[in-house]
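Some notes on the structure that comes next.
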């Protein structure tokens, strides 16, 4: 099969910044408490009238420009999100229309914080098998719109943003080398938004009970995350015929400093190889990894031939990792 790699990246976050000091005025918390437990100092918040499709569109423009690809050349658009503009139509359809990707197929994919990894793994198969040539994968979220701003256990954690990647055939032996994806529905209730679906359709009661906001069993999710991040990264590396010593760059889901630090320690990887930006953005769910990827690529942390691992976990419960031999050459 054809080797498939990332040939362009882009990201976008809203202008408005919400700091920990701002949160002190909203809920019973303080900057020191938030930083010591999460590592987060600030996050970006979309305006009430701004849908996730706008963030996805802006990230997509930047990724296409980086890849030197015109929108009409796209064959496939995948949007990973838990905060779509609508239940239907898919946000991918809205973004593709605005871009002018007239010949592209497209759909939304929902795997919470693991969504971008599921997205690139899916898109890569369409290209590897020769069905498509150019794919755009976007992870975007407006989590601020589904937060209970009175719940200090969750409202301090999340932010809004979008990241995108363009996938194409690349030279043999480069690009995606291995994946590991998984899920465990038994843990679905640990991280969920219960209202609005066919189980609990929207009603005055579901709104009053704040069922349209993120509900999280923090300690249970923490224990799961620390264990699974290391396991899935090692499995993906094994499938690629590599070990942790071969890794030049690790891009973990930016959920919480303590989770990232614990996973890094378990893996035994040099902390200097790990990309961390959650202090500036918080947890952006499906946007977390692609925004960090874009920053790593643009800052020179990824060089031609580097072995890069993206790894994450999320609601579902879901998890995943992808191993990439970086195929993009510097300008």
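Positions of Cβ are set from backbone N, Cα and C atoms, glycine also.
Range with Swiss-Prot annotation region 'ACP-binding', chosen from 254-258, 259-263, 264-268, is 254-258. When Cβ-Cβ distances below 8 Å are used as the criterion, the region 'ACP-binding' (254-258) is approached by residues 37-40, 113, 157, 222, 225, 276-279, 281-284, 288-289, 292, 313 of the same chain, each at least six residues removed from its ends. Of all Cβ atoms in the shown protein chains, 31 besides its own fall within 10 Å of the Cβ of residue 113 (active site). Shown in sequence order, 40, 113, 143, 157, 158, 159, 253, 254, 255, 256 are the residues of the chain, 6+ apart in sequence, with a C-beta less than 8 angstroms from the C-beta of residue 283 (active site). Taken through DSSP, the region 'ACP-binding' (254-258) splits into 2 helix, 0 strand, 3 coil.
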